[in-house]
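Participant: Quick one: structure below, then a few questions.
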Amino acid sequence: MQMQQIATMKVITERRATMLIYVVPVRFNLWVMLFTSCWVVYMLRVNISLNLIAMVPQVPHNTSSQSQCGPKDDIASNETLPHQDGAEVHASPIKVPGGASFNWTAEQQALILGSYFWCYPLTSLAGGMAAERWGPRYVVLVTSFVSAILTALSPLAAKLDYIALVIIRFFLGFAGGFIYPALHVLVARWAPPAEKGKFVSAMMGGTLGTVVTWSLTGPLMEKFGWASAFYVPGVLTLVWCGFWWYLVADTPSEHPRISESEKKYISEALGDKVNNSKGLPPFRKIVTSLPFLAMIILHYGNLWGLYFIMTVGPKFVSSVLGFELSAAGVISALPYLARLFLATIFGVVGDFILARKLMTTTFIRKFFCIFSHILPGILLVLLVYAGCSTALSVSLITMSMGFNGAATLTNLQNHQDLAPNYAGTLYGIANCVGSTAGFFTPMITAYFTSSENSFESWRPVFFLGASVYIVSAIFFIIFGTGNIQAWNFAPDDKDDKEERTNGDLKDLSNSKINNGDAKEIKETPLNVTT
């Protein structure tokens, strides 16, 4: 009798587990892990910006240049930190236990902040190929684990010498460069074409990670000291690695807890367009592909505009309007939160359109360039004509970055269309090229505004930023495509390639699903809300 009860309980437990899998698709778990992975990588990237304020004595400085509109003393002070990173925080000095331990110069602090990005573009270039060869699950796991250990070692390195901390940050950037391309490989292998907007919107997790990290780091340091701002993110990342190892697999067929219906749905939706390629990508065909070039230009325009708003926007509002945007935490977070929120909305809208075949993939990619690139560019032009209205300026910056959230349907997804087998490689190349925008935007701004801070001197800066946004979109609208390219398929697939591409290119939105499977497919929707 007891054995029978045990057997009955075992059956009930298995049924409950099966029901849980049915209710919560594995794809939803994957979406959460994609979102939090971006959160984690940005948490480890940007925490140093605020930590340095507590680690180094902050000397108040007076600026001799006056803003054209005058300081907004009733809102915020006009003091700011040197801006070294597009995602860096501007904040007032804070007093923490054990703070102000190091008398590092401004140049040494800049070296610490900038060292993260010395190798980041190069490993971003290699990250996609590494994930395609060894699997995105292992690449993200290893690099995140190493990043957590390096972050936890940062206080010890700082006490040795600032050069030791520079080395730590260098290797953090080395590891961090692998993550985003690897995540795009994972999306290519898991996301059905009609759901890619949702999955790509998960890449905006870094935006929320930045805001939350800045919000929590200050109170953490005030209570436990600046070293805790390194230890806590390191430990949280190690815990996150355990969840990643348990919940994520390279492909649906390798996942131990996925239901057969969900596995079949993904397999039917992706068809034969994605394989676990172990060979080198066809670089010659990739770099000579006009659609790929159009995608790179669109991605470059997106990153130029993004870095432009992050760096030049706050500086303009501070030096010309006399209002320190980032001195107020809520206002500082608005552009980032707007981009995260609208990216999710645009992703859902795009998936809805594609699932019902209201537009082709190519038309979606080109049409939404209006929101991701053209409208943000127009808003940048309007910003310089906003006059001394602080509220209007902040609104224009917030809307410009918010509309850029539509990039989840344009440049952030187009490489998945062109070659899902090499999505990580394509994204890595585009991100490597696009990262150079972070170097150029501050230099160009300094060139035009070195003599004075006035609307007239800033207009060329905003016109140039808007032009890059808009011209890159126009180029993509003319030459870009959302169709899969023939070089996506391996050489040994040559016999089947013509059939799969219908003699030319095949739109991913036209994935065929048997009528007999329609009911089963509808039973496993992925509903993602934030």
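Keep in mind that glycine also has a Cβ here, set from the backbone N, Cα and C atoms.
What TrEMBL records for 20-42, 110-131, 138-156, 162-187, 199-217, 229-248, 286-310, 330-355, 367-386, 392-412, 424-448, 460-479 is transmembrane segment. According to TrEMBL, the domain 'Major facilitator superfamily (MFS) profile' annotation covers 33-484. Look at TrEMBL and you will find 490-530 tagged as region 'Disordered'. Residues annotated as compositional bias 'Basic and acidic residues' in TrEMBL: 491-509.
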Participant: So, do the transmembrane segment (20-42) and the transmembrane segment (229-248) meet, by the test of 3 or more Cβ pairs under 8 Å (sequence gap 6 or more)?
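Facilitator: Yes; at least 3 Cβ pairs under 8 Å.
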Participant: Average the per-residue pLDDT over the domain 'Major facilitator superfamily (MFS) profile' (33-484) and send me the rounded value.
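Facilitator: A mean pLDDT of 82 is what the model gives the domain 'Major facilitator superfamily (MFS) profile' (33-484).
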Participant: Look at every Cβ pair spanning the transmembrane segment (138-156) and the transmembrane segment (460-479), keep those 6 or more apart in sequence, and say whether at least 3 of them are under 8 Å.
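Facilitator: These two stretches do not touch.
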Participant: Against which stretches of its own chain does the transmembrane segment (286-310) lie, if we need a Cβ under 8 Å and a gap of at least six residues from its ends?
Facilitator: 86-87, 335, 369, 372-373, 376-377, 380, 397, 400-401, 404, 407, 410-412, 414-415, 418-419, 422, 425-426, 429-431, 433-435, 437-438, 440-441, 465, 468-469, 471-473, 475-476, 478-481, 483, 485, 487
Participant: Using a cut-off of under 8 Å between C-beta atoms, tell me which stretch among 199-217, 229-248, 330-355, 424-448 contacts the transmembrane segment (162-187) the most.
Facilitator: 424-448
